[in-house]
Amino acid sequence: MNYVGLIIVLSCLWLGSNASDPDDPLLVQLPQGKLRGRDNGSYYSYESIPYAEPPTGDLRFEAPEPYKQKWSDIFDATKTPVACLQWDQFTPGANKLVGEEDCLTVSIYKPKNSKRSTFPVVAHIHGGAFMFGAAWQNGHENVMREGKFILVKISYRLGPLGFASTGDRDLPGNYGLKDQRLALKWIKQNIASFGGEPQNVLLIGHSAGGASVHLQMLREDFGQLAKAAFSFSGNALDPWVVQKGARGRAFELGRNVGCESAEDSASLKKCLKSKSASELVTAVRKFLIFSYVPFAPFSPVLEPSDAPDAILTQDPREVIKSGKFGQVPWAVSYVTEDGGYNAALLLKERKSGIVIDDLNDRWLELAPYFLFYRDTKTKKDMDDYSRKIKEDYLGNQKFDIESYSELQRLFTDILFKNSTQESLDLHRKYGKSPAYAYVYDNPAEKGIAQVLANRTDYDFGTVHGDDYFLIFENFVREVEMRPDEEIISRNFINMLADFASSDNGVLKYGECAFKNNVGSEKFQLLAIYIDGCQNRQHVEFP
């Protein structure tokens, strides 16, 4: 057994003898001391529990350090988790700065269920393009109402504070991913004290959270931290996830905040540490050339092999091909119009017309930023590719509301669907554990596309989050679930509960059992729609 495994086993044994007080379930004993949560009627909550030392001062742009402080008084675990400092896409107005730099916490939600003394655990990584988002933005009322598992929400560093990188050991990047991994270790070591089953941990996430799940799974020892993984509308091969050009952006960040004299990575890092966190994060706006485009200017990178605490040193494709990754059951999904998240802002109206009109003159300029190939090709190759994909999807049509649906399909394919298919293809060829997939088609009355376009008179189809927000409530919905959505919500929640506790990696949705893709000649895809589900085989994703 390696060192990580030994520490986890010993911690779980210690915590098993120091569980919550049966006479006072709100009081929980941890190695740091005691904490007190909140009784919410149908469930208990224990929020804002630190798992790492504050990533401030000398610890900024460093791998996270486990939380070491001891509590002399009972820790107050009733405070809503703060967002990590970010330039938030969904905050209205010119100033989009929200959150705090000291933010590395987990929040735990435990259902009241007299039929169970312990629960499987679902650990959740929120989305937000690695730039924004927060644990509190994903609700838990639906999950707690079903009472099937303990939910743990993970907060992690975002934007430049989480992902700025010069590509060398001085400023390797991926601090947000390292936060997530440390949080997973904390969960494994401590969740038994809350009535969780450390042997039954499922890691899930949506969008950048889903990609994070996949990236965590690429660590060969992932199976010591979780028994299964689920990536909703996001995976490690999406073009906006592991990006090139990070070194140039790191030095550009430095120039934007007064570190233009930095000649190397070490001096740049020292200068960036001397600046205020708000100044660094506010500088994100200098990287946005059009609304919130590109939506992920800072994201995961490939680290050098000599970087301290490196978490990703090889292209994810090569890791999967090697077979040296966490061989646990994995599921991945997409919705039929995921790209609506990225395209919908183009239908926003203004005095001079619709935003999409700008593409007729600026497509060659903007396409590489929308679709994340700005650092992968020469200028000529970028222009040629931009012209080709426009012709492939729109033909001779100009950019306008009539051709918008084809543009949204282009965004869906390039940013989500094609890479989901590629990921599943690699897992079915090189994986040993089950690999599952579903496609969802059931439009919400209001979703993320309507919010970004600020209009409800256009049928965007089933857009990014229309499935996931039936599990975790989100501010973009604002409407009650329809009867069909209530059924789908319960099916999704039961699906996660069963996946977390399954001993053989079986995955079911309602009456439909997912089919394993490993070794299959055709893709085994579960289609989920308004009134049911159906297993389908495809040579290529529909």
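Sequential numbering from 1, following the chain as shown.
The backbone N, Cα and C atoms fix where each Cβ goes, and this holds for glycine too.
Summarising the annotation, Swiss-Prot assigns signal peptide to 1-19 and lists similarity to another entry as the type of evidence.
Under the heading N-linked glycosylation site, Swiss-Prot lists Asn40 (among others), citing sequence analysis as support. In the three-state DSSP scheme, Asn40 (N-linked glycosylation site) is classed as coil. The Cβ of Asn40 (N-linked glycosylation site) has Met144 as same-chain neighbours under 8 Å, each 6 or more residues away in sequence.
Residues or ranges marked as disulfide bond in Swiss-Prot (evidence: similarity to another entry): Cys84-Cys103 (among others). When other Cβ atoms within 10 Å of the Cβ of Cys103 (disulfide bond) are tallied across all protein chains shown, the result is 26.
In sequence order, Gly127, Gly128, Ala129, Phe232, Ser233, Gly234, Tyr341, His464, Gly465 make up the list of same-chain residues 6 or more apart from Ser207 (active site, acyl-ester intermediate) whose Cβ falls under 8 Å from its Cβ. Secondary structure at Ser207 (active site, acyl-ester intermediate), taken from DSSP and collapsed to helix, strand or coil, is coil. Annotation source Swiss-Prot lists active site, acyl-ester intermediate at Ser207, citing sequence analysis.
Look at Cys259 (disulfide bond): DSSP puts it in coil. Residues or ranges marked as disulfide bond in Swiss-Prot: Cys259-Cys271 (among others).
Annotation comment: Swiss-Prot describes Asn418 (among others) as N-linked glycosylation site. Applying an 8 A CB threshold to same-chain residues 6+ apart, the list for Asn418 (N-linked glycosylation site) reads Phe541.
Summarising the annotation, Swiss-Prot assigns N-linked glycosylation site to Asn454 (among others) and lists sequence analysis as the type of evidence. The number of other CB atoms found within 10 A of the CB of Asn454 (N-linked glycosylation site), across every protein chain shown, is 11.
Per Swiss-Prot, active site, charge relay system is recorded for His464. The secondary structure of His464 (active site, charge relay system), as reduced to three states from DSSP, is coil rather than helix or strand.
Secondary structure at Cys512 (disulfide bond), taken from DSSP and collapsed to helix, strand or coil, is strand. Annotation source Swiss-Prot lists disulfide bond at Cys512-Cys533 (among others), citing sequence analysis.
Here Cys103 (disulfide bond) is compared against the recorded positions Cys259, Cys271, Asn454, Cys512, and the shortest C-alpha distance is to Cys271. The CA atom of Cys259 (disulfide bond) is located 57 Å away from the CA atom of Cys512 (disulfide bond). Annotation for Cys84 (disulfide bond): spatial neighbours Gly99, Glu100, Glu101, Cys103, Leu104, Ala134, Ser155, Tyr156, Arg157, Leu158, Leu161, Gly162, criterion Cβ-Cβ under 8 Å with sequence separation of six or more. The DSSP secondary structure for Cys533 (disulfide bond) is strand. The disulfide-bonded residues shown are Cys271, Cys512, Cys533; of these, the one with its CA atom nearest the CA of Asn454 (N-linked glycosylation site) is Cys533. All protein chains included, Cys259 (disulfide bond) registers 20 other Cβ atoms within 10 Å of its own Cβ.
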